[in-house]
Amino acid sequence: QGRSEDMGSVSNQEFSGVCKTEEDEGPSAEEDSQSFHGVGVCKWFNVRMGFGFLSMTSREGVPLDEPVDVFVHQSKLHMDGFRSLKEGEDVEFTFKKSSKGLESQRVTGPGGIHCVGSERRPKGKKVQKRRSKGDRCYNCGGLDHHAKECKLPPQPKKCHFCQSIDHMVAQCPIKAQSSQGKPSSEEEQSQLAPPSEMTD
C-alpha cells in the first residue's frame, strides 16, 4: 500500500509540475514565433564551422545596459558569395527566442546593406587546392611542401612520374607505356619523327 501512495504522490507532483511550467512558459511560447529587431556587432565567427555570435547592443531601438549574445548561422547572412562575418563588424538583424537562447533569423549590415564578411576562408580548402597533381616536393616527393622548403638533404634525382631513381621522366618506361607507346626519350623521337611523317 505504501508503494501505491508514493507512486500516487509522485504522479501528482509530475502533473502539478507540468501545469506549472506550462503556465510559466505561456507568454514565452508566444514569443517563440515572434521576431525582434536588434542592432550590434559580430562578437566572433568561425568561418570553418559557419556560425558564431553577435553582440546585441540595442533591441527594438532601445539600448541595452549590457550586450546580449545572439547565435548566428552563415545561412542567415545577407550577402553574396562565401557567407561569413568579420569580428567587430556592425550588423542589424532580426532574431527570435528558441530553446537554445536567442537566434538570429536574418543578418544584414547597417540599414539592410550586405554584410562585409571576413577575409578568412576555411583553411582546409586552401590546402586541398595546393595539393594538385604535380604540386609536390621534387626533392623527396612529399605533398605538403615544395622543394625549397624541404628539410631533407638533396635526394638522388628521381623520375617525377614513377619516383624511380634509375631514370628521369624523359626516359620513364611506365610513362611511355601510359602515353600509348610514344617514344620514351627525346633522341628516339627526333630519329623516328621523319619516317613516321613520311609513312603517314
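Cβ coordinates come from backbone N, Cα and C, glycine included.
TrEMBL annotations:
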REGION    1-34  region 'Disordered'
COMPBIAS  22-33  compositional bias 'Acidic residues'
DOMAIN    37-109  domain 'CSD'
REGION    102-134  region 'Disordered'
COMPBIAS  122-133  compositional bias 'Basic residues'
DOMAIN    136-151  domain 'CCHC-type'
REGION    173-200  region 'Disordered'
Beyond a gap of at least 6 residues from its ends, the CB atoms lying under 8 Å from the domain 'CCHC-type' (136-151) belong to 158, 160, 163
Could you give the number of helix, strand and coil residues in the domain 'CSD' (37-109) as assigned by DSSP?
3 helix, 49 strand, 21 coil
Averaged over the domain 'CSD' (37-109), the pLDDT of the predicted model comes to 96
What are the helix, strand and coil residue counts for the domain 'CCHC-type' (136-151) according to DSSP?
3 helix, 0 strand, 13 coil
